[in-house]
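**Student:** As annotated in TrEMBL:
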{"type": "DOMAIN", "residues": "67-344", "note": "domain 'Protein kinase'"}
{"type": "BINDING", "residues": "LYS96", "note": "ATP binding site"}
{"type": "REGION", "residues": "351-372", "note": "region 'Disordered'"}
{"type": "COMPBIAS", "residues": "351-366", "note": "compositional bias 'Polar residues'"}
Amino acid sequence: MGCFLCSVKSKKKQIGKFSAHQISSSVEKFKVNTSLGEKDSSRNGGSGHIAAHTFTFRELAAATKYFRADCLLGEGGFGRVYKGQLERTNQVVAIKQLDRNGLQGNREFLVEVLMLSLLHHPHLVNLIGYCADGDQRLLVYEFMPLGSLEDHLHELSPDKRRLDWNTRMKIAAGAAKGLEYLHDKANPPVIYRDLKCSNILLDEDYNPKLSDFGLAKLGPVGDKTHVSTRVMGTYGYCAPEYAMTGQLTLKFDVYSFGVVLLEIITGRRAIDTSRAAGEQNLVAWARPLFKDRRKFSQMADPELQGQYPVRGLYQALAVAAMCVQEQPNMRPLIADVVTALNYLASQKYNSGTQPVQRHHTGPSTPRTRRDL
Ligand SMILES: Nc1ncnc2c1ncn2[C@@H]1O[C@H](COP(=O)(O)OP(=O)(O)OP(=O)(O)O)[C@@H](O)[C@H]1O
Ligand SMILES: [Mg+2]
């Protein structure tokens with residue numbers, strides 16, 4: 001199977017001059033050439049996809065009050081994300097304006113538009129449209145009112161409630177379902193490559209949706225594996241085989257999922273340079289603790305204040321430990337992770353009727369003010 005990103009690379013110069021019309025026709029061509037979509041297209045009414053709208057720069061500037069600072073939701077490696085309201089429909093949206101001087105650019109923009117135009121699932125963020133006016137590149141997404149999982153786990157502001165155990169398991173199970181769709185239902189499979197807390201967005205009921213498909217890659221068919229020439233992704237979430245040899249399989253995402261699950265359970269960041277030397281890398285810190293069940297309670301996020309089910313904690317840590325194994329073939333399939341997490345999410349913890357665990361401080365450095 002041809003690799004989509006490679007064919008995009010060879011057309012790099014052209015992409016810089018892509019018009020909105022060319023992008024939408026390339027979505028159509030891409031769909032025909034790869035038949036990317038759900039394995040069972042009858043699930044989405046047989047239509048295969050819902051077309052993304054094209055917007056003019058003027059429309060999106062008006063929607064964000066000319067990119068006013070108080071509409072800014074956040075900033076990532078691609079550029080700034082603003083909250084906006086579309087004049088045409090009054091719909092509230094999130095608008096990502098790609099940094100024109102950024103390292104990541106047109107290729108990721110095109111991959112994002114292509115992937116999100118063709119893939120639809122309740123646990124993937126919906127792309128409403130895009131703008132490719134002149135050298136402006138903007139993406140318009142459904143607005144996710146509770147922001148990212150990162151905001152709730154690691155950058156808790158006073159107006160946000162800390163996540164309880166049940167909500168954490170609901171988020172983990174939903175994110176796993178989003179990945180399962182990409183791995184097992186999309187045809188050909190999609191390797192997401194950028195699973196991390198900041199890319200898991202939350203709706204008003206804490207339902208998670210995966211966002212940012214600029215790095216996604218169509219997976220290998222049969223037993224072939226990709227050997228990637230560009231090592232990309234985010235440090236701390238990147239599977240060891242990929243960092244060392246560029247070998248890319250669906251198990252890359254399973255590793256990243258294991259890191260996210262560990263963050264959800266422990267409240268620690270994947271990489272945290274404010275901690276003591278042995279605790280900066282979450283997986284390296286967790287590995288020796290996984291070997292001793294008596295240490296499991298030390299791994300629970302102190303913010304949970306002992307309000308979690310002991311069995312549930314053990315089982316969730318066991319899933320995370322399997323996902324972050326060094327050998328990719330030892331990691332579970334995402335479908336098995338979904339089964340385990342669906343079960344964990346169904347076992348609701350009630351602090352009124354179930355015991356509250358004694359708080360174990362364990363051998364850890366204090367969290368910085370930023371983390372609290
Ligand atoms: N659809 C959305 N609805 C609401 N907020 C969003 C939406 N998309 C992004 N955001 C907010 O904007 C922030 C920046 O997002 P962005 O994807 O640009 O960067 P990031 O994920 O933090 O980092 P990276 O560029 O490395 O992926 C997010 O953390 C989130 O808080
Ligand atoms: Mg992101």
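Cβ coordinates come from backbone N, Cα and C, glycine included.
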**Student:** Near the residue listed as 'ATP binding site', which residues of its own chain have a C-beta under 8 A away, given they sit six or more steps off in sequence?
**Tutor:** PHE78, GLY79, ARG80, VAL81, TYR82, LEU138, LEU139, TYR141
**Student:** Across the whole of the domain 'Protein kinase' (67-344), what does the mean pLDDT come to? Round it, please.
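**Tutor:** A mean pLDDT of 90 is what the model gives the domain 'Protein kinase' (67-344).
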**Student:** For LYS96 (ATP binding site), which DSSP three-state class applies?
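**Tutor:** Going by the DSSP assignment, LYS96 (ATP binding site) falls within a strand, counted as strand.
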